[in-house]
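Copied over from TrEMBL, here are the features:
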- 63-83: transmembrane segment (TRANSMEM)
- 89-204: domain 'Plastocyanin-like' (DOMAIN)
- 213-376: domain 'Plastocyanin-like' (DOMAIN)
- 486-602: domain 'Plastocyanin-like' (DOMAIN)
- 655-767: domain 'Plastocyanin-like' (DOMAIN)
- 781-944: domain 'Plastocyanin-like' (DOMAIN)
- 1053-1169: domain 'Plastocyanin-like' (DOMAIN)
Amino acid sequence: MDAWPKHIFDSEIIPPSTRGYYKNFYEMLSTDNCCYDQVSSSREIDRKPHIQYTQKKRSMSVIVWWLVTVVLVAVHSASARVVELDWEVEYKFWWPDCKEGIVMAINGQFPGPTIDAVAGDIVIIHLTNKLSTEGVVIHWHGIRQRGTPWSDGAAGVTQCPINPGETFTYNFTVDKPGTHFYHGHYGMQRSAGLYGMMIVRSPKEKLRYDGEFNLLLSDWWHQSTHSQELALSSSPMRWIGEPQSLLINGRGQFNCSQAAYLSNEGKRQCTFRKNDQCAPETLRVRPNKVYRLRIASTTALASLNLAVEGHKLEVVEADGNYVKPFTVDDIDIYSGETYSVLLRTHSFPTKKHFISVGVRGRKPNTTQALTVLSYIDAPESARPSLPPPVTPRWDDYNRSISFSNKFFAAKGYPPPPEKSDEQLYLLNTQNLIDGHTKWAINNVSLSVTATPYIGAIRYGLNTLSYLKSPAKELVKSYDITKPPVNPTTTKSSGIYKFPMGIVVDVILQNANVLKGKISEIHPWHLHGHDFWVLGYGDGKFRPGVDEKKYNLKNPPLRNTVALYPFGWTALRFVTDNPGVWFFHCHIEPHLHMGMGVVFAEGVDRIAKMDIPDEVLAYIIIHIHKLLMGMWWIVAVAILAHTASAAVREYAWEVEYKFGWPDCKEGMVMAVNGQFPGPTIHALAGDTIVVHLTNKLATEGLVIHWHGIRQLGSPWADGAAGVTQCAISPGETFTYNFTVDKPGTHFYHGHYGMQRSAGLYGSLIIDVAKGKKEPLRYDGEFNLLLSDWWHEDVLSQEIGLSSRPMRWIGEAQSILINGRGQFNCSLAAQFSSTSLPTCTFKEGDQCAPQRLHVEPNKTYRIRLASSTALASLNFAVQGHKLVVVEADGNYITPFTTDDIDIYSGETYSVLLTTDQDPSQNYYISAGVRGRKPNTPPALTVLNYVTALSSQLPTSPPPETPRWNDFDRSKNFSKKIFAAMGSPSPPETFNERLILLNTQNLIDGFTKWAINNVSLTVPGTPYLGSVKYNLRTGFNRSSPPKDYPVDYDIMNPPRNRNTKQGNGIYVFPFNVTVDVILQNANGLNANASEIHPWHLHGHDFWVLGYGEGKFKPGVDEKTYNLKNPPLRNTVALYPYGWTALRFVTDNPGVWFFHCHIEPHLHMGMGVVFAEGLNRIGKVPDEALGCGLTKQFLMNRNNP
């Protein structure tokens, strides 16, 4: 306290009538008599206050303790230290419990770095989000954020999530000493390991000890956090189960025990190698010393008990507040709680003792976490001679409550006000909403919206429904001892609003869950405050009776408190911290399922706060839309259409679902619950309007409309970082574009590797109304081809971004319209494998969709390949295929037995049903271009004159040899433009020769173009060029050619490349030739097929060639007469492909390899053209990066 100038008490912040009072309390805090003398377990601490308080109206005594720090922060002394840190958050492979998993790491550390500060310090954290598609925030648990509520780090409450690639600065003062921690507060990212310790020291510590240790306790699942979130949100709900392990400082042991040698349970004894990430951190101590153990629980679910074998623990601090010391054998610690205990070592210098952490409050299926307290002279090889402490029985709640009742405030802490001004009775129940299990408070399950509450209040968005208050009182007739009579609840985003300076009592009331005789422990945490814990009770709270049990003399100050089964907990706080504050159960799944409320206090002051723009970017950029409502989006979309064009309008929601794409369950990205997503049917000239709502927990998303040229609407192309920002969870973005010509197309995710997760569907454009289709057929089918992995997409992304790179391997299955068979075969009778014949039940998601046809008819089969990796070959047993369309362009028809189709390509083929009508026939899609470890996908062409269930009587078509590239090239060379198609210009104005290579950057495997591996910036290129933001990307153009002496037939002599985000800029309406040049990869004799896709254009495919392109020679081989128009083209191994296009579509356009892992690893370039002709771009497309700041400055001058 000595660092603070006493003249601050003359500040206008403090009412004149109470300035003297604050000054007296300040002086008391500054003396050596405050809070503790030297702590001793045998010494009784005097709890008599140093100052006699007089109750005035709302008991002004409380204002001293609560508001003194506000003053200190507001007039922070120039002598305060600044703790400034640069952090990057990214996923890493890790071994937390001796089994590999994925953790959220900070600067490569798990748990994150420990923050060590002194009370009064300013902490500045520059947090950069290095995740692929997820937003992120960090909550500073226990820090009251006096004067900085926007730094509290609660997504949707105090800030928008930080988008991938962006940096957000947290800036706050740590106003009082204590043991704290930080953690993710978005979705269930805390469960993914986003946490670390935060220690705030006292300038003049009253506790006496010789050393200290930090123990951060957590629980760990092998199931991914995304899968857990989905399970909890499913109908019926799938409970995540108990954790596989408990961790101490991020280290635990799942498949072995440190104490197996002392047990007869048959467990394996742990052995560790040097630097094993799961090896316990030993606490090394000296004899006859006192050590402070700072303990924090960031568990997602588990309530814990900690004990040190052979040692007593003296509890001296709880949640950053000193308490009257008391001695115990062990401590219960709930999620969100922190403690300091003093441990006195013995006289024996060679002993080792187990420290145990076990589960309480839930039936334990998780073994104890163990580490070792080792005396300094104990031999390295020595082991504890006694077994670990036994964790008390999990359901001994009387023991737990008895522990909680031992807490009293330390000497010098003020008592609470004697009376409260408002009372909230919050009934905790488990309920249902449309079959989804939820937790609810007063029959309302909280749903936090995309618009942060603090911003809604700051900008006066009072029309939003979520600013209405929920109920404040219990239903008197509610029976807490039984399951709810009416299990149905409602969902709301309402909040409780309080004026400044009042005293609020909160009565947390527990109750029975949906089934059985069960009531759970709920640790409740309040942001922005400490509160007094007035007491606990059994059964239903009785107003007017149970208040008499309150401890109003010396209740402990906490920020987290346990609500015990079938009981109540009473707490009291003062609304002295203007802001919006989360109050919620700290069990991660319970909060995810709606168990929380939000308090807003000092609303009039929030409206005047100078909140940093980047906190509320979403509101500032979208404020007109928020004020006017969703109708604004629709109105703008409709006004943009011509009166004669049809408008096809869709409302889509994207969320994860459990599905069975290949008869094995996995997670898919579904659109309106469908996988693949709904098929869009339109006519050429129609306007398509898609209101896309992101219902994912933490991931952004976009959708690219593959093959649609987006003439006049480049912002609707759906390429994250190129034409738009990702759509954040909870937000709705409207795509509005015209489909200008007929063709077979599809749509897919274009952010991270979300296409691999199943975000795709068909987009079919027929000829315009009044026009005649030139093709003749009797019916049509859409076949969307894809590949499928059992490894989740997040793991794939991390593997590709790891050092050394972990290749994703071949797909487990090929899917036709989202259906395949991994563990059985439709043609088992013809196979040499041991796979059984598939049998399906009605409704099986992996059952093939048979194509039902009539004899002697012609059918159009529209094919699209959305594969992430595989090149495919498609054939129909016994039938010829007439190829008539490629990538939405008619071609000269030709007949073939099968077709090769690469990722990103589409075709139409005509099939005539001229075979034996009593039989059925296999349709196959097998892997080409890669050594196939994936069996072909199969379905059946069913003649309606044969039984639908009847399998073909002869084997399916055999996929051509995977590396017969000559066959592949011959197929490509058969494709010519249909008569009447436009011819290319005879000459080019500019030419790019793009060398495709595999390289390394600091040991990370990358794909590069002309030795530059593309990294898309956080600011969309379209926004940077539209608003001339010079620092949005590197304005130097990448190389247009590569060294003439480069040997494409061998691995690169210089294996290193560099990253870059420069783009190629072209004038409007010039002709550009692009020569794609393939080469050897990092390993000898390896060159891969790369299907390249250009957004915003069709191009002419002028030709293919072997070896190195020879300028001045190979141009003579070009087909300038009738080259096909395509938007995707194959680049074959060790060869080149030439294409030509005209820069007639102002915008910024991605050009990249359509193999998902290759693009993820940098295989792409960006073209910009006609920059001075780019029209209006909707603000909501550009609300990230530098465009976010530009739009905020423009909209909020």
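Just so you know, glycine gets a Cβ as well, placed from its N, Cα and C.
Automatic prediction, not curation, is the source of TrEMBL annotations.
Keep in mind that what you see is a predicted model, and the values were worked out from it rather than measured.
When Cβ-Cβ distances under 8 Å to the domain 'Plastocyanin-like' (655-767) are tallied for each of 89-204, 213-376, 486-602, 781-944, 1053-1169, the top count falls to 781-944. The DSSP breakdown of the domain 'Plastocyanin-like' (486-602) into helical (H, G, I), extended (E, B) and coil residues amounts to 9 helix, 54 strand, 54 coil.
For the domain 'Plastocyanin-like' (1053-1169), the DSSP counts in helix, strand and coil order read 9 helix, 54 strand, 54 coil.
Here the domain 'Plastocyanin-like' (89-204) is broken down by DSSP into helix, strand and coil counts: 3 helix, 55 strand, 58 coil.
Note on the domain 'Plastocyanin-like' (781-944): mean pLDDT across this stretch is 96. Look at the domain 'Plastocyanin-like' (655-767): DSSP puts its residues at 3 helix, 54 strand, 56 coil.
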